[in-house]
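For Asp124, His185, Ser511, the entry in TrEMBL reads active site, charge relay system. TrEMBL lists 11-92 with the feature domain 'Inhibitor I9'. Taken from TrEMBL, the feature domain 'Peptidase S8/S53' covers 115-547. TrEMBL lists 343-429 with the feature domain 'PA'. According to TrEMBL, the feature domain 'Subtilisin-like protease fibronectin type-III' maps to 625-718.
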Amino acid sequence: MAVADTRSSSTYIIQVRKPTDKHFANVEDIDSLYRSFLPTTAASSNQEQRMVHSYQHVLSGFAAKLTAEEAKVVQEKDGVLQVHPEEVLSLHTTHTPDFLGLHQGVGLWKDSNFGKGVIIGLLDSGVFPDHPSFNDEGVPPPPAKWKGRCDFNGTSCNNKLIGARSFINPINATQAVPPYDDTGHGTHTSSTAAGAFVRDASALGNAKGTAVGLAPLAHLAMYKVCADGGCPASSILAGFDAAIEDGVDVLSVSLGGKKPPLFQDWIAIGALAATQKGILVSCSGGNTGPKHRTLSNEAPWILTVGASSIDRSIKATARLGNGLEFDGETLYQPHDFHPTQLPLIYPEVFDGRDVQDCHYGSLARLSVRGKVVLCDIKWIDPVGAGQEVKDNGGAAMILVNGPADGYTTISDAHVLPAIALNYAAGREIKRYLNTTPAPTATILFKGTHIIGRSPAPAVASFSSRGPNRLSPGILKPDIIGPGLNILAGWPYPLDNSTDMKHAFNVISGTSMACPHISGVAALLKSAHPDWSPVAIKSAIMTTAATSNMEGRPIVDETLHPADIFATGAGHINPSKAVDPGLVYDDGPQDYIPYLCGLISNESQIEVIVKKKVNCSSIGSIPDYQLNYPSITVSFHKPSVTNVSVTRTVKNVGPAKSRYQSVVDPIKGPVSIGVYPRELVFTEANQTASYRVDFTREVDSKAPSPYAQGAITWVSARHS
């Protein structure tokens, strides 16, 4: 028998249809079925090495090492739905509880008992278990339903960190690399979601205070699905599968990739399986903003999160030779840097090459020694730009945004005195350079400041934007939360000390926003154990804030009002989310008519929902008719002048409640009518439906392609 050369093999995800006439008593029976789909070239002696993961919950299928020729053979076998080469996804890379209105002994933290009894799972890069954020003082044992395990040696897990497993680089069928965090990302996200109180925490001496996660008494379970090289799809699916089996309540997934169709979107498929088991899945929306249509993780059963700023600045000031000053950010604040004026240089072009971003090797033949170097923030890592300046003798660095990043400035742990400035400041500095014979500059380091009157929360420039490309009738993102310059746990102190109170870092991304929302979801689950994932999502969305700390509309990186494709429903407001009054609640079965309306190929729907689907008997609905906490309708076709949408709400407030509708009208040639205008409830958990009619004026032209408004149901106690 011929045996294939596995050196040319890759990992493929194979989805199959289980025979309906067979009963699978245990995992071994299912594994035996999956192995039967392997090609004959995968001899029995090496089948175990070929099988990468066997899935029980997340999909009907397995991951295996196959050559391209073998993959074609498997695809032709009866019962095989699809064979797809795995892709590698990427990570979407305290003061925030206080900023979000969470205070010890009062409000939501008190009502939810800090998230006690709830299990938050994270698909991430692993965790550093000895970090003080994972101290279990005061945390009770995990609930009886917990079935997970801890794959660290010794006693690293406890009542806080109750589980840790790895699905990276399987050595054989039963062993994988330990779930230690090799990037810092997983330690940061998990401590953000549910880290314990750590007093006197700081990063390089900045942002000093008590660091704490959003749900400090919740339990944590880490599923390592990412390493330095990224996050393999087969590992992500295995992490979902294990989390479902183990019994988590909330899954926090700060990663994503390309925007494939739903039947090949492994995060969407895994998230639907989790949602069907009563698990809320929160995902980062991606860091490819500010352009529209850049979002990841757009499926309606996912809580998709964008990133916003907070009211804290780790401040520095660039002072020019003419006396002009510009405030910016930096985490590295050296005490021994004397703010004397130094020559200022902007390396625009050298030998016909653009070098203004100070990328690796760009400054080697330029005279930068002892000077302040101005560098443009482009695609290069800002810390890497600083390393290039330092390696060539530069004294300091001023980083300036391009127009796309506007007023969003990131606080990094630089390797030399440096400051990040907004686009407007950079433009002024370049004007000074072009009009001054001997330009000079210096940097003043001013430490941590809480901004009293602040435009926070503002949408961060990198936060990916809608509209939803796969399903335009579903508004995405759903919510925004703190994701810019966030302090949380890190595997080691940045100052090379041995004091783990200094083992914190300040980083940015929708990856940081996602665990904030996951932590709030855990608080709501603890306060309302009977709420479904859809009800929790609804409560978060319908109580979101649409104004900033100044009482004005939330702005984006331009300091102008952000559009709805940047903010979704608005900014997370935990104290209101615990008592929303009404929720939009759906069962997992409601997603099948939605999928039938979205996808014409029933075999693709079968891949997503793990069972055969007959859309003609089930029926279909357009995406905008899904009982979602937002409404998106289209008038792109000139013949469409009227669209009617139905929504159903459940009363989770006082049994006897009366609500009246208030319409925030759309600016443009569209009118809105709500019927009935009043909803009356006499019982708890009673439901009521209403209709919204959108009417476009005939032969009218809209002032812009999109328009937004709001429908608010107002009672004596709730809005």
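Backbone N, Cα and C atoms are what each Cβ position is placed from, and that goes for glycine too.
Because the structure is a prediction, the values reported are computed rather than measured.
Known features from TrEMBL, placed on the structure.
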residue: Asp124; record: active site, charge relay system; CB count, 10 Å: 29
residue: His185; record: active site, charge relay system; CB count, 10 Å: 26
residue: Ser511; record: active site, charge relay system; CB count, 10 Å: 31
Averaged pLDDT, computed only over the residues in the domain 'Subtilisin-like protease fibronectin type-III' (625-718): 91
C-alpha spacing of His185 (active site, charge relay system) relative to Ser511 (active site, charge relay system), in angstrom: 8
Inter-residue Cα distance where the pair is Asp124 (active site, charge relay system) and His185 (active site, charge relay system), in Å: 7
